[in-house]
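Everything below concerns the one structure shown next.
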Amino acid sequence: MTYVRRTSTISANSPSTKFHHPNPFLDDHGHMLTQAQKDALKQLTFEHLSLQRLFTLQQQPQTITQLDDAELVEFLTIANSFYRDGQPLISDHDYDHIALAELKTRQPSHPFLHTVEPEPKFTGKTVELPARMLSTEKAYTDKELSDWLKRIHKAANEIGRDPAGLQFRITPKLDGFAAFDDGDRLYTRGDGRRGTDITRAFERGLVVANNQPRGLGAGEIVVQRSYFAANLAQDYENPRNFQASVVKEKALEPAVEQALGNQAVVFYPFSTLPYRVRRSDDLIDSVAALSRELRASLDYDMDGIVIEITDDELKTYMGATRHHHRWQIAYKQNQEKAEVKVLQVVPQTSRSGRVNPVAEVEPTRLSGALIQRATAHHYGMVRDKGIGPDAVIELTRSGEVIPKIIDVVKAVEPQIPASCPSCDTELFWDSDYLYCPNNTGCPAQISHTIEHFFRTLGNIDGFGPATIEKLYTNNIRTIDAVYGLQADQLEGMGFGPKQSENLVNELQRSRHEVIEDWRFLAAFGVFRMGGGNCERLLGHHRLEEIFELSEEQIVAIEGFAERTAEVVVKGFARIRPLFDKLQALGFNLQRTPLVSELQASGALNPIAGKLLVFTGTMTHGSRDDMKAEAKKLGAKVGASVTGKTDYLVTGDKVGASKLNAATSKGVEILTEEQYLKLIGTTISSAKEQS
Ligand SMILES: NC(=O)c1ccc[n+]([C@@H]2O[C@H](COP(=O)([O-])OP(=O)(O)OC[C@H]3O[C@@H](n4cnc5c(N)ncnc54)[C@H](O)[C@@H]3O)[C@@H](O)[C@H]2O)c1
Ligand SMILES: [Zn+2]
């Protein structure tokens, strides 16, 4: 694997760790970690995953299945700790259906799956809970629900109950912070058996929902949905994020204090929740409607419904696993699409000057996450489909944190900016895209370029959007100027003494730590030159040669088209002055090995990248084995000879037509023996090995 592994705690350099976070920023790469998440990450120790890797997993949750076992468990642990802290990294849907499901398939008895997922540690006395507070078993489909029902029926029969007579109590599954109120103290769920004293929440003004008395046992701390949407949605990413802060030991933030004062945050005992009762025979058919009904009757966020049997004797008989009560299940429907109303379309100028539309929408819950904004592909879509205030759009969430607009249900007058939101310069259209032409003076373009640089280097902390914005207002607007900063200068700009020192140390570290030259080049953000293309290019030409390269030389490299070569040559010319200045600062660059060198040294097999066709009966192994081996060495294997074939490898009893085709197309023909020699093995040594 090629990503950087960090084996120790990510260097602590966090400026004031703010618990709640304002709207997350979406950078050019669509990276969505918020500052608070990044700060929290710094507290964690990674053994298997890197920060970059987490970024990728967050952006492409489907790649979670490619992690190895240890990485997967580490990822689950990290995701869980973020979730409990009110800042989910990925959606519940992806957590359950991709990450957890993967572990279930691979290691059904892994301890992670069979205990209550741990909550963050709070200060406070730990006590034995009067009753166990477990997780719930989950059903996402009617089939899963009916399987559960069968188990209930079986148990009922075992103790002589008539399954048809059983009653099921259905309550909303509150999406809050679980707690237990014994009338005197309030405790967290902890590990399900022992919780931590968080009575301070009541002392801070938490009330029991609907003026109910204290001491009603298990429940959740929740915030009113309407209050959240009206007063908190701008500052808190989701209600979980807000709710968790009510019980934290640190001083309350003003918004939390205010919400408590307004009695908008409550402890809701489960025993006082609105409920419905159904019998076995009409349970499954009615769950969807009940779910909607209960949602409408409750001004708190819910995450499905909880179904449990009411027969106490049967409950006792069925008991619990270490993870859940067998007599209870949560039913969650997958809601992957939603229709929402647009509040406004906000323009965001990117590093390249392209202005991207972000639709702010009425807060809507979609597969476990609160959605407040969505991205349109480009302003052409906004223009052609009529997206603006009051438009109704259809959203889908396919793993990304910010969902995409898939369709417009109700079109309106499109909301399109005339000038750049950052520098006010008049925008221009280039087919479907809007651009700010002010490349050298637009604050957004300049700041994002600097952010991109540091983020791509990946070996420097502390230079996030907030820092860069502050530097910008203090006239530090180029990367070389940032590298020239001294601690006292930073202090003069309003950075704290400790932070100033840290920032200067980080700048030094980023120059002294070894970094791959392709990563360094990618940091300059030349159009079409992301990490992959930089590495490919530097596999053929040295970093110091790139400014002399012609379009022809670039096109000659596999993977570069003519149009790309043209913009790349221009792009290199543009960055050259900055490049020279930064290189003079002495970064510790590690060269990308040249393909030619690798081939000469034998590190790269001569057939790597070549297209081979095998024909005839082989003696070295079966033809399939040989094909597999060739692929392992980096070759591609074709079925028939074409003009692109590099070698035709021939065994015994070869048909004349293949040989003729090879000859007429100028394809080199190798006997099996010649081939084995080429790849550095002989028939006998190959046989010994196998
Ligand atoms: N997005 C992420 O990264 C992430 C990470 C970890 C967990 N999760 C989510 O958390 C869930 C598992 O967490 P869990 O084990 O804490 O909770 P759970 O979903 O299994 O629910 C159990 C809890 O539900 C609460 N509850 C709410 N309403 C209730 C009611 N009416 N009756 C009874 N109990 C009720 C109780 O406090 C109980 O402790 C998963 O569904 C998963 O999607 C998400
Ligand atoms: Zn601009």
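Heads up, the Cβ atoms here are built off N, Cα and C, so glycines get one too.
Per TrEMBL, NAD(+) is bound by Asp92, His93, Asp94, Tyr95, Asp96, Ser135, Thr136, Arg189, Glu220; the candidate from Lys332, Lys337, Lys341 named for the same site is Lys332. Residues 1-26 are the range that TrEMBL records as region 'Disordered', among 1-26, 105-130.
Highest Cβ count within 10 Å among the binding-site residues Cys420, Cys423: Cys420. A gap of 47 Å separates the Cα atoms of Cys423 (Zn(2+) binding site) and Glu220 (NAD(+) binding site). For ligand 1, the recorded positions lying close by, meaning a CB under 6 A from one of its atoms, are Asp96, Thr136, Lys173; the full candidate list was Asp96, Thr136, Lys173, Cys442.
Filtering Asp92, Cys420, Cys436, Cys442 by Cβ distance to ligand 2 (under 6 A) retains the following binding-site residues: Cys420, Cys436, Cys442.
Across Asp92, His93, Asp94, Tyr95, Asp96, Ser135, Thr136, Arg189, Glu220, Lys332, which the record gives as binding NAD(+), the greatest C-alpha separation is 24 Å. What surrounds the Zn(2+) site, by Cβ distance within 8 Å of the Cβ centroid and not counting Cys420, Cys423, Cys436, Cys442, is the set Thr349, Gly353, Ser419, Pro421, Ser422, Asp424, Thr425, Leu427, Pro437, Asn438, Gly441, Pro443, Ala444, Gln445 from the same chain.
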